[in-house]
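Engineer: My questions will all concern the structure given below.
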Amino acid sequence: MAPMSTMPSALTFELLGKCSVTKARAATLHLPHGPVPLPIFMPVATQASLKGLTPDQLEDAGCRLCLNNTYHLGLKPGQATLDAIGGAHKFQSWPHNILTDSGGFQMVSLLKLARVTEEGVRFLSPHDGTPMLLTPEHSISLQNSIGSDIIMQLDDVIATTSPDLARMTEAMERSVRWLDRCIKAHKYPERQNLFCIIQGGLDLDLRRECTAEMIARDTPGIAIGGLSGGEAKDAYCKVVDTCTGLLPEKKPRYVMGVGYPEDLVVSVALGADMFDCVWPTRTARFGNAITARGVLNLRNAVYSEEFVPIEEGCQCVCCRPEEAGGLGITRAYIYHVASKETAGAHLLTIHNVHYQLNLMKRVRHAIIEDRYPAFLKEFFRMLYDDKSKYPEWAVDALRGVGVNLLGD
Ligand SMILES: [Zn+2]
């Protein structure tokens, strides 16, 4: 272990309340572009525009921190343009906070020929096939040009479902070494917050070891990475629970790649604060609406004559009645425009992003008022109706933090 001197931080973590039963926390994260309520779901705005939403609509939905992909911004507009224009906030007219990923995951997942070495991630340019290399230094340099409020270290991420323990160990140890290179390369720690990423697959000992190494580096925030890659949900919960149990209380904890509503509320109970996922916006493009009673596919003909909002009582601009300044969109309308891809997808994207942000807002109030266990019970009752349908992993994970979903 190589503890470093305290690194500068461009954030303040203001803890507002803790659940007296579970490990849930409510906080305000003060970032360079304004305060952000925690827990939070961060919509993914790929290529500096959230598919289907303008920056204004994203702002209206209450979003104060969104995610940009370094890989996409690095290709287009490219680093020179970002430097010339003064970063991604100006480039996309977004006055609020931005978090960027390292670009590594995008490369490994999008580019077939990506290969990881100690130096970095080697891949062939999607433009002309020339060999390229993403190093920790290059990732940080790109993120410094983007100017995001939270930047992520380059990590060596492999599927949690990999049975290769030697490779898993190597990836975990390399991620620690790469963090040290990222810290050294980071030019603006006084205005951009570097988050480390805990790796170690589903092996709890590897996760514990990695957590200790990462804590010693004292970054402003800490992410738990490599999850949400098809592993069993109970294994996922054990990793999150183990890591949060070791993390310092006064730092934000970000679980990467998580976005299903039930995963969010359970992960918050396990002590996580920040989440991101492309699912809510991607699924909108397939006609799916997220509601408290589950996901509705509005391309299904059963909705062709349902002249009610996507979700009764929803305050998003689509669902709100015209008298209340909304569009008064009905399920039947979405059904009828769903085939014309963009219009239906656009409306559902607005609704889904609003659903996710509003869910986290309600979660936060429940924690502050110390009624989160009751909130969880009501959430699952609404979603599944019948206790016999509750997913076992959620029942077990919540029992582990003192909430019996199957009780009264
Ligand atoms: Zn709505």
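In case you wondered, yes, glycine gets a Cβ from its N, Cα and C as well.
No curator has checked TrEMBL annotations; they are predicted automatically.
Heads up, here are the entries from TrEMBL:
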type     : residues                                                       : note
ACT_SITE : Asp101                                                         : active site, proton acceptor
ACT_SITE : Asp276                                                         : active site, nucleophile
BINDING  : Asp101, Ser102, Gly103, Gly104, Phe105, Asp155, Gln199, Gly226 : substrate binding site
BINDING  : Cys314, Cys316, Cys319, His351                                 : Zn(2+) binding site
DOMAIN   : 22-382                                                         : domain 'tRNA-guanine(15) transglycosylase-like'
REGION   : 257-263                                                        : region 'RNA binding'
REGION   : 281-285                                                        : region 'RNA binding'
Engineer: Within 10 Å of the Cβ of Gly103 (substrate binding site), how many other Cβ atoms are there?
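Structural biologist: Cβ-Cβ neighbours of Gly103 (substrate binding site) within 10 Å number 23.
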Engineer: Can you tell me which of these recorded positions sit near ligand 1, meaning the Cβ is under 6 Å from at least one of its atoms: Asp101, Gly103, Cys314?
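Structural biologist: Near the molecule: Cys314.
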Engineer: Restricting to the same chain and to sequence separations of six or more, state which residues have a Cβ under 8 Å from that of Gly104 (substrate binding site).
Structural biologist: Val121, Leu134, Ser139, Leu154, Asp155, Asp156, Val157
Engineer: If you measure from the Cα of Cys316 (Zn(2+) binding site), which of the recorded positions Asp101, Gly103, Phe105, Gln199 is the nearest?
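Structural biologist: When the Cα distances are compared, Asp101 comes out closest.
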Engineer: What does the structure give for the C-alpha distance between Gln199 (substrate binding site) and Asp101 (active site, proton acceptor)? Integer Å is fine.
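Structural biologist: So the alpha carbons of Gln199 (substrate binding site) and Asp101 (active site, proton acceptor) sit roughly 15 Å from each other.
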Engineer: Reduced to three states, what secondary structure does DSSP give Asp276 (active site, nucleophile)?
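Structural biologist: Where Asp276 (active site, nucleophile) sits, the three-state DSSP reduction gives strand.
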Engineer: Work through the recorded positions one by one (Asp101, Phe105, Gly226) and name whichever has its CA nearest to the CA of His351 (Zn(2+) binding site).
Structural biologist: Asp101
Engineer: Where DSSP helix means H, G or I and strand means E or B, what are the helix, strand and coil counts for the region 'RNA binding' (257-263)?
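Structural biologist: Secondary-structure breakdown of the region 'RNA binding' (257-263): 3 helix, 0 strand, 4 coil.
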